[in-house]
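> The domain 'COS' feature in TrEMBL is assigned to 107-164. Annotation comment: TrEMBL describes 166-270 as domain 'Fibronectin type-III'. Look at TrEMBL and you will find 270-476 tagged as domain 'B30.2/SPRY'. Positions annotated as region 'Disordered' by TrEMBL: 305-334.
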Amino acid sequence: IDDFDIDESLRKITHTLAMKNEEISNFVCTLKQSLDNLEANSGRVQEDLESEFTSLHSVLDEMKENMMTRIKQERASRTYELQSQLSACSKALESSEELLELANQTLCSSETDGFTQAAKDIKDSVTMAPAFRLSLKAKASDNMSHLMVDFSQERGMLQGLRFLPVPATPEIQVSECQVCDNTVTVVWSLPEPDSKIDHYILEHRRTNHEGPPRIREDYPWMVVEGIKELEHTLTGLRFDTRYLTFRVRACNKAVAGEFSEPVTLETHAFNFKLDAASSHQNLKVEDLSVEWDSTGGKIQDIRKEKNRTNSPMHSPARSALMSPKRAPTARPGRDRFTAESYTVLADTMIDAGHQYWEVRFDKESKAFAVGVALRSLGRFDQLGKSSASWCIHLNNWLQQSLTAKHNNKARTLDCPIPNSIGVYVNYDEGVLSFYNAKTKQLMHTFKTKFQQPVIPAFMVWNGSFSVVTGLQVPSVVQSGQRKNSGTSSSNASLT
């Protein structure tokens, strides 16, 4: 064996030894930390135990003092009654003995003079004597048995004092959970009632994967603490993933139990992004917000985006999971819309089912429109000006008006201009409805037959708007649509 091999072997041994030393050193640090934690935790539980027993002693001392006071008050009250009765009887007896002695003396007297009068006086005195007006029944009893105690049951309870047990694991009742109107109600139960439970902790996490949580998830757990009931309702959610996973655990004063088996609930909703790449050059598109920019804000945004990677929302893996279908993007370097169209489309097509989304807009915008369009919408076409688009149009230029437009025909809408509009599409039934997003009041309905997939479409001039996606079709909208199905709409003349 040459020197090189020996040197290499020694280096390997040295490296292995160094790694082992580091491993042992880290373990030593862990043990020391565990010892420190043990000291701190032991001290904490001892203090808690001392505090609880002190509190228990205080309660017992207070109860003892109250009960002793009750006995003393009862004894004092009865003593007063009996002493008063005893005093009255003693005085009556003394008076009666004096009369009796006087009567005997009169009877034994040999003097006949005044005997008749003396006898009459004694008779009157006896008649009026207190002894004949006294009740010879005691006013108070000497029995105090009603204030006796038997704490054998309570003593047994005290002897049963134990350290708090770990709460049982809850089970989420999937059949009782509800998902509706972007609200989720989660219901769970315990194997058996537990009066020691103080509250529950519910955790939920967004995911695009059905089934149990994976080791690495895209989204963190969100925590809801201090739940006192066996259910909890989450409101105002935005469903931008296919599922929500839930788990819950019970907590008593000291310790939390194990989490329940995770349950995954489907959260179907319509999600899309705005296709900034094909939007009009005067529209500044940032995520789901759009602002009209007379200087051509889109050009600067494209320069900024050159060195920025795509967000996960546009990743192929995510796109493959989403339904409805993603719309193909325009060819690079070509403006999809130009002139005075001021249009931006969503990146997702609707070719089946029913969908809903909302848009909040600046009511001071010179012009604003929201609706749907076919892919064949011309690059010069304003929304509602051709057969390829349907919309509600707000005009603040010269005179304010709110109209429903399609194929260059317009119907003036006689309703207040809301701050936010909800858009409902039932592709299979050929229904496009617009609602006041806050009150869910129907503003207008187009009834047609969609021959091609449609895409959410927006237009703004001298103004701004923002889109809200991840929304389920509101139940009040669904029920209203069912009620109106099969009936002719007065608003259908534009189709």
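A Cβ is built for glycine as well, from the same backbone N, Cα and C atoms used for every other residue.
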> Can you break down the domain 'COS' (107-164) into helix, strand and coil residue counts using DSSP?
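Tallied per class, the domain 'COS' (107-164) gives 29 helix, 0 strand, 29 coil.
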> Do you know the mean pLDDT across the domain 'COS' (107-164)?
80
> Mind tallying the domain 'Fibronectin type-III' (166-270) by DSSP state, helix then strand then coil?
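Taking the domain 'Fibronectin type-III' (166-270) as a whole: 3 helix, 46 strand, 56 coil.
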